[in-house]
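Taken straight from TrEMBL:
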type	residues	note
BINDING	HIS110, SER127, TYR213, MET214, ASN215, SER234, HIS329, PRO330, GLU331, THR346	iminosuccinate binding site
BINDING	CYS174, CYS303, CYS393	[4Fe-4S] cluster binding site
REGION	1-86	region 'Disordered'
Amino acid sequence: MTSVQELIRGAAAEEAERGHRRPIALRPTGRSAPGQAATSCDSGLARDPWAVDRAPGYGPGASTADAIPGDAPRQGPLPERYTDASEEELERRIVAAKARLGDRVRILGHFYQRDEIVRHADFVGDSFMLAQAAKASPEAEAFVFCGVHFMAETADILSGPEQAVILPNLAAGCSMADMATIDQVERCWRELVQVLGQEPDAEGRQPVIPVTYMNSSAAIKAFCGRNGGIVCTSSNARAVLEWAFERGRRVVFFPDQHLGRNTAKAMGVAEEAMPLWRAHLPLGGNTAETLREARVILWNGFCSVHKRFTVDQIERARAEHPGVRVIVHPECPAAVVEAADGSGSTEYIRREIAAAAPGSVIAVGTEINLVNRLQHQHPELTIFCLDPVVCPCSTMYRIHPAYLAWTLESLLEGLTPNRIAVPRAVAEESRVALERMLAAKP
Ligand code: SF4
């Protein structure tokens, strides 16, 4: 079987033959279960991201088949002095620019970013940790957010009004966040109000409380803020649902059906009480009766990275590695979470791995860049990605060192490229929903 390095090298050679000077490498990824050869999910990963920035779709990687909204931001062309630079030159330029910018600029790197980016980050974490890092850095004039669009929005909401948040590549959206637009959510709410009314019950509980996962646009966080709702992360989803059930008879959960379902199931909510809301259908494709009986109405969104994990992969891992511990992210489908030994946020996965006894074998169901980094950080363990096919997040992958170099050098020239600025009213209402989350603990 062809290894991923061979596959990428082959694709790279083809690109070079076509005159493409410096194809992106898939070096940081590519390790599969011991004894298994890896393959890439998409040979387009061998191309530079700027080759696909303005093509329709999210580009190569896990979300390549997802529908992209027509108004999704696009990245303008990068000057050739970046697209033609060697990796070593980009590295030198990033280091030099960062040193000259000093404390004025902070680089925030998401766990799912490639190593060539993460090594320059002042803070590495999940989306909320990075937004909090921005909030805790009042001295910085700008944050270069190496992640995706909704994350940069959250950092802008939590950082000071004079601080700029910059997304190095505007084409780095999130296919899951894009699955719930504000127009669709407002329409859903109008229909729910029609069916469920607005009057609280005898115990003072509202008919429905909106809850949105952090992985959603600022407009949807603001919607939750002004409608008595709340935001959650994958770490605190249970505490947030408990908060919501104290105040409402049911919840409508945006946009990740899997996190909503997995969390509610663990709290004892029956599958039948969790109808799916399909945005293109009247009443989301449900009857009024089903919605009245619902406890959690699940938006039909998903993460294409975590949707790739299957029960078959878990069974194969157990057959090939007796004693393996399987841990997965709760954005995975419910059957996968049930078949695993444990599930939780990125922080949970990191903690589990840090606490594992030397010699342990751990199969992980989450994004490949993070799994590979954990492999390197823990040589005393055998860690591998459940999915034998190397398939990074299409949009996280759009943050290439060329964009980081361009962003930092633009800042040195006094420019502020790709600023993500959430309108003030939206930011204020989003903050309400975020503050409710912080008060809800843990
Ligand atoms: S991993 Fe999934 S949820 Fe995270 S940015 Fe990529 S598509 Fe969005």
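Even glycines carry a Cβ here, placed using N, Cα and C.
Note: TrEMBL annotation is automatic and uncurated.
Remember, it's a predicted structure, so these values are computed and weren't measured experimentally.
Shown on the structure are the features that TrEMBL records.
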{"residue": "HIS110", "record": "iminosuccinate binding site", "DSSP (3 states)": "strand"}
{"residue": "CYS174", "record": "[4Fe-4S] cluster binding site", "DSSP (3 states)": "coil"}
{"residue": "TYR213", "record": "iminosuccinate binding site", "DSSP (3 states)": "strand"}
{"residue": "CYS303", "record": "[4Fe-4S] cluster binding site", "DSSP (3 states)": "coil"}
{"residue": "HIS329", "record": "iminosuccinate binding site", "DSSP (3 states)": "coil"}
{"residue": "CYS393", "record": "[4Fe-4S] cluster binding site", "DSSP (3 states)": "coil"}
Candidates HIS110, TYR213, HIS329, GLU331 (binding-site residues) with Cα within 10 Å of CYS303 ([4Fe-4S] cluster binding site): GLU331
Residues among the binding-site residues HIS110, TYR213, CYS303, HIS329, CYS393 that border ligand 1 - Cβ under 6 angstroms, in sequence order: CYS303, CYS393
[4Fe-4S] cluster site shell beyond CYS174, CYS303, CYS393, criterion: Cβ within 8 Å of Cβ centroid: ALA62, SER63, TYR112, VAL148, SER175, MET176, ALA177, ASN215, SER304, VAL305, SER394, THR395, MET396
Whole-number Å value for how far CYS174 ([4Fe-4S] cluster binding site) lies from HIS329 (iminosuccinate binding site) (Cα to Cα): 17
Integer Å distance between the CA atoms belonging to CYS174 ([4Fe-4S] cluster binding site) and ASN215 (iminosuccinate binding site): 8
Distance [Cα-Cα, Å, rounded] between HIS110 (iminosuccinate binding site) and CYS393 ([4Fe-4S] cluster binding site): 12
Alpha-carbon distance [CYS393 ([4Fe-4S] cluster binding site); GLU331 (iminosuccinate binding site)] in Å: 13
For CYS393 ([4Fe-4S] cluster binding site), nearby residues of its own chain (Cβ under 8 Å, 6 or more apart in sequence): GLY61, ALA62, SER63, TYR112, VAL148, VAL305, GLU367
